[in-house]
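Engineer: Please find one structure pasted underneath; my questions will follow.
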Amino acid sequence: MSTPVTAAAPAAPVTAVPALPLTPLFVRLKLSLLKNGLKGSSKRKAAWFGTLALALVVGFFVTLGLALLHGRAHAGTVVVILAAILALAWSFMPLFFPTGDETLDPSRLVMLPLRPRPLVRALLASSLVGIGPLFTLCLAVGSVVAVARGAAGAVFAVVAVPLLLLVYVSLARAVATANVRLLSSRKGRDLALLSGLLIAIGAQVANFASQRLFQPGGLAHLEPAEAVVRWLPPATAVGMVDSASKGDYAAAGAQLLLTLAALAGLLWFWERSLTKLMVTPDGSTLAAAAPRKDRDSGPGVWALLPGGRTGAAMQRTLRYVLRDPKTKSAWVTALAVGLIVPVFNALQGTGSLYLACFGAGMLGIQMYNQFGQDTSAFWMVAQTLSSPHDVFVEMRARAGALALVTVPYTVLVTAVTAALVGNWADFPTALGLALALLGAMLCTGALASARFPYSIPTDGAFKNVAPGQAGLAWLSIFGGMLASAVICAPVITVTVYFATTPEQHSLAWTVLPLGIAWATLASWAGLRLAAPLAARRIPEILTAVSKG
Amino acid sequence: MPDQGDATGRTGGSTGGVRSTPPAAVRIEGLWKRFGEQVAVAGIDLEIPAGRFIGLVGPNGAGKTTTLSMVTGLLRPDMGRVFVAGHDVWADPVEVKSRIGVLPEGLRLFERLSGRELLGYMGRLRGLPGEETDKRATQLLEVLDLAGSQHKLVVDYSTGMRKKIGLAAALLHNPEVLFLDEPFEGVDPVSAQTIRGVLERYTASGATVVFSSHVMELVESLCDWVAVMAGGHIRAAGPLADVRGDAPSLQNAFLELVGAQDRAAGDSLDWLGGGR
């Protein structure tokens, strides 16, 4: 008396090994997550398809450009350096921008009877699905086409493309996994500082490299670097195609072995970190178990802040800079890059006082997605926001907290750069311009916070992120930077006018009051425009920032 | 919208009996919410009397959380109106938001503030003077048995402590109506008793508590007025005794109302257990 269903079901004992191959299953799972994640939000859908189209168009042209390098003198140098830059990008970008690569959260698979090795293989395959890998595939194809010659070159090229992709993806996963372990361990929270600094220095190295590149005969300068880099994986994958095309099969073989060794090493490290991560208690548990010194409840320096909502919101923002690992890391990066770029350039003798604007711009980015930075705790604030005036005061307080750090910091950086460059005459002008830029960033940041809120995953890189969100984040920040430059245009024009008209140079200091006035006006106008918009959209903003 | 008439038709007939109490704490008129193709709340009408302990009960996915989110102004309804203490939630948020306190499900808080800092922050956002906020925070922390961990970060709090600090934040500005979504879920009996004590004291002063739950024993022992939700509709609403009717307990009445009685597994699970 059994139903057809039970009749069909085998009564065989359950085995621990899944009968289905894991890899295709994970790829299908990733595709379903991607598809379902895009459902419901037309904005994210537009952002995702926009990013896809952009990646395809840019990818196509870059591939074409690289392919056109075929046979040129410095083709090898360019593609080898490009491979190295891509490796850096793959290691660090995912830490800053939530990408679709994170749709699979391995900690959700803890309870399944999966062995680490097949799991890593399946996760690797599913990580290859996405816009980032697609774009990289285009670049990889272009790179090998640029250097491959002859039958041997072609054979190595065919091997090089998948190897490159696999190394990049496993590099990104290994770094992200290690970072989750860092961020969730109690000691590691302060290492957020370190990772911020590392990224700042990396950005500066990339800056120098690109400066060298655009100097006349710049490619020749890169050759010594290239000679080293072509022996560093994953650039070895491109290097081996070049070597094989030149008939140096021994070098090509060695480079192939190095690439394979790097891939194996990365996969081993990833597997080890993943296993550790999955069997270690969550960071919050560890933190709760450890003794923690009581926080001073006295008012202290906070008493200097204004009362009411303004003071409370400023205090909360500043406390989060110190206590929240993600916010802390972002701030440290901004502060470090803002200082390192002008100072290092000045030390190199290529500096300009106006590079001091960099710090103001980097910190101005923190104004973007203000409500998203509250994560889903935004409902607590939303409950208390009942009129556009409330929203105005709230956003003004947040901008105020940001300015409280950024304004003195900008003065400091500009002064240090002026001292290093030995150009105190232009100090007021540069400071005025930097402050105007900060004001413009606060203005566009406030508007973008109201118009394009998106959620930030709270812990590490593994929390699920809705697909298309990364596109939204990029769009909002880069669009905002562009708009800020436009808003600053009058101040920039005046600065350029004084800089290029020697007879008027004695009046250049007027840029400082002009910049301050412009910054005040721009941020006030931005907040005034953003407040009613945000007030009308509170439930929508709450939905947007609570996802994931 | 097709089955709106159906929904109002099934609303319990006893709402008329409680009209003697002054203006309703919450009045909901034709509330709808649809997520894609799924209708979460299908046109509900409900009048909740003031000064009572109200239970909103229903199985998972009945639309309780969606309804509470729309009533508290955290989620925009597709259609319909909500009045709290006579003020339209969506047209007059200034009047409404200062009169209500909310403890949503999931309970995402500002994790990197300590319990005391969180209360101080919320009070000031609510426009309370700093000194008054700190005084109330001290008393709430004391009563809710959180004084010992007031300087710990919220991220290190247990579920029960999180519910309690969330409740403290919702009570800080002395709201007229308090909305709690599953306030006892995942809470140990000691914390539950503390929460219960505070809520009972609060309603005794004439305030209204609306809370959602699917633990019938709890609702039966706490509430004097209940609304039963299922499938996005209100199936019954009124004083506890009326909704319970002749059924031996609220649990039985509830199962009957949502049509979930006699749902046994039958022999479709005959592989489970046994011959391994």
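Keep in mind that glycine also has a Cβ here, set from the backbone N, Cα and C atoms.
Sharing the features that TrEMBL gives for it:
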- A:6-27: transmembrane segment (TRANSMEM)
- A:47-69: transmembrane segment (TRANSMEM)
- A:118-145: transmembrane segment (TRANSMEM)
- A:151-171: transmembrane segment (TRANSMEM)
- A:191-209: transmembrane segment (TRANSMEM)
- A:249-270: transmembrane segment (TRANSMEM)
- A:329-347: transmembrane segment (TRANSMEM)
- A:353-371: transmembrane segment (TRANSMEM)
- A:401-424: transmembrane segment (TRANSMEM)
- A:430-450: transmembrane segment (TRANSMEM)
- A:471-500: transmembrane segment (TRANSMEM)
- A:506-527: transmembrane segment (TRANSMEM)
Engineer: Cβ under 8 Å, sequence separation of at least 6 from the ends of the transmembrane segment (A:471-500): give me the contacting residues as numbers and ranges.
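Structural biologist: Cβ under 8 Å, 6 or more out: 43-44, 47-48, 50-51, 97-98, 361, 364-365, 368-369, 426, 429, 432-433, 436-437, 440-441, 443-445, 447-448, 451-452, 454, 507-508, 510-511, 514-515, 518, 522.
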Engineer: Quickly jot the same-chain residues contacting the transmembrane segment (A:151-171) by Cβ under 8 Å, restricted to those at least six beyond its ends, or write none.
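Structural biologist: Beyond its ends, the transmembrane segment (A:151-171) has Cβ neighbours at 83, 86-87, 90-91, 101, 124, 127-128, 133, 136-137, 140-141, 143-145, 233-234, 237-238, 240-241, 244-245, 247, 249, 252, 256, 259-260, 262-263, 266-267, 270.
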Engineer: Who are the long-range neighbours of the transmembrane segment (A:353-371) in its own chain, taking Cβ under 8 Å and residues 6 or more past its ends?
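Structural biologist: Distant Cβ neighbours of the transmembrane segment (A:353-371) are 330-331, 333-335, 337-339, 341-342, 345-346, 378, 381, 395, 398-399, 402, 405-406, 409-410, 413-414, 417-418, 421, 423, 426-427, 430-431, 433-435, 437-438, 440-442, 445-446, 448-449, 452-454, 456, 473, 476-477, 480-481, 484, 534, 541, 545.
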Engineer: If we skip the immediate neighbours and take only residues 6+ beyond the ends of the transmembrane segment (A:47-69), which ones have a Cβ under 8 Å from one of its Cβ atoms?
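Structural biologist: Distal contacts: 38, 75, 78-79, 82, 100, 131-132, 134-135, 137-139, 141-143, 145-146, 467-472, 474-475.
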